[in-house]
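Take a look at the structure below.
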Amino acid sequence: MSVSKKPMVLVILDGYGYREEQQDNAIFSAKTPVMDALWANRPHTLIDASGLEVGLPDRQMGNSEVGHVNLGAGRIVYQDLTRLDVEIKDRVFFANPVLTGAVDKAKSAGKAVHIMGLLSAGGVHSHEDHIMAMVELAAERGAEKIYLHAFLDGRDTPPRSAESSLKKFEEKFAALGKGRVASIIGRYYAMDRDNRWDRVEKAYDLLTLAQGEFQADTAVAGLQAAYARDENDEFVKATVIRAEGQPDAAMEDGDALIFMNFRADRAREITRAFVNADFDGFARKKVVNVDFVMLTEYAADIKTAVAYPPASLVNTFGEWMAKNDKTQLRISETEKYAHVTFFFNGGVEESFKGEDRILINSPKVATYDLQPEMSSAELTEKLVAAIKSGKYDTIICNYPNGDMVGHTGVMEAAVKAVEALDHCVDEVAKAVESVGGQLLITADHGNAEQMRDPATGQAHTAHTNLPVPLIYVGDKNVKAVEGGKLSDIAPTMLSLMGMEIPQEMTGKPLFIVE
């Protein structure tokens, strides 16, 4: 029989941030004798889980997807928003071969360049600065017919905030002496993700036929008319923007169409309507053969040009374990199962050689404040059994409670969630020590430590940009290093396991064996 393994265990307490202030802090308010004792008596440090340190814009709050990608990659993984910001600033964007190729081809054929996307400073699906850069790119390369089709936000931005953005673009086109805003429509229609094709059809007709329910001379006038109809940005009905004497902006074969959203989920449906020959979501009144460019890859099965293809991550923690013939377990509840598998593996769906997975069903309740402990007892039972099984070199576990209950904004429930976690950590730490293993306890981002927004007095249901704890439990004599971040965790684990760190991992070990 094989020798019993002493596992390196990583426990991710989702949404468990560190905040000095005690007011509205569910983690401080909860009775947590176990975490308090570990923090007092074990090697520990605070690490960054937001902003530039995880590849997000400066000071932007972290999230679970980004957090787990960084945790597993062992390097800062730049998110699309940040990558584009950097490339535009460095002018690399303006030489992107896919974007320049599409513009140059349309220009030389005397065709139009259509640019569409969510005109928003929200930074969730797109950013208006990127759209502005695309307008500049088209103009710099000599395109004469530049048409902007603006999808309006009001979800990731205030409900009526599009006017300043539209003004900015109308002023830009006036300064360039060419191009114009050709249409406006709310994201409710253009960016559906639930196969509500009747909505998408209205956006498609507006774009391809230059036909809508309403028409206005300018984008701002069109928006003001929508507000007068009591439509907020998100729900603005299809509006053609065309002043007297202007040619219409209906799409023609051979035109270029650049879709400037970087997030995939709400970009897929309208893209398929343009790109798929066998599209059957609705009967297209006009099938137009445009040179369609996706800013990022919206789906692997959409066959059209991509300006920024996905960067594949080589030698993530999971892949490196497999290459070194190590066994690993990923375990969580439904809510965070994808995070400890797909995201931790750098966007790879299939498990690696030697990788087992355990999924514990999250409770079927309307909102998790009704059951703040969630399925933590069953998760802990399975995790402890795996630790003691001697089967695994490493185990990655996520407890969702701090985040999922934090999102409800209910302080009492968040306190109960944190107290439930304390019992779980106790059992896990004891199990790890009983088999001579090692344990790292951390979080992917903050949430439960800030349950009220001091500015508004309302419940704070979002993530925070605060640091998260990192604690070592084990028999090695280690010293903590300050100034760490999530991408230092994988190298830390490898170093504690006595393994080589692959060169692709640029993170540094945060616990040095003395």
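Each Cβ is built from the backbone N, Cα and C atoms, and glycine gets one as well.
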Check: Considering the Mn(2+) 1 binding residues D403, H407 given in Swiss-Prot, which of H149, H463 is annotated for that site as well?
Finding: H463
Next item on the list: With S64, D444, H445 listed by Swiss-Prot as binding Mn(2+) 2, identify the candidate in D14, D129, D393 belonging to that site.
Entry: D14
Notebook entry, point to check: Among the binding-site residues D14, D156, D403, D444, which residue has its Cβ surrounded by the fewest other Cβ atoms within 10 Å?
Noted result: D156
Margin query: DSSP secondary structure for D444 (Mn(2+) 2 binding site), reduced to helix/strand/coil, please.
Written below: coil
Checklist line | Sparsest Cβ surroundings (other CB atoms within 10 Å) among the binding-site residues R193, H407, H445 | finding: R193
Notebook entry, point to check: Residues with Cβ closer than 8 Å to the Cβ of R266 (substrate binding site), same chain and 6+ apart in sequence?
Noted result: H125, R187, M191, D192, R193
Item checked: Pairwise CA distance, D156 (substrate binding site) versus H463 (Mn(2+) 1 binding site), rounded so that it is a whole Å -> 15
Note to self: Give me the CA-CA distance between D403 (Mn(2+) 1 binding site) and S64 (active site, phosphoserine intermediate), in Å, as a whole number.
What the structure shows: 9
Checklist line | Shell list (Mn(2+) 2; ref centroid = CB of D14, S64, D444, H445; cutoff 8 A) | finding: I12, G15, A49, G62, N63, G67, H68, K336, H339, N398, D403, A443, N447, H463
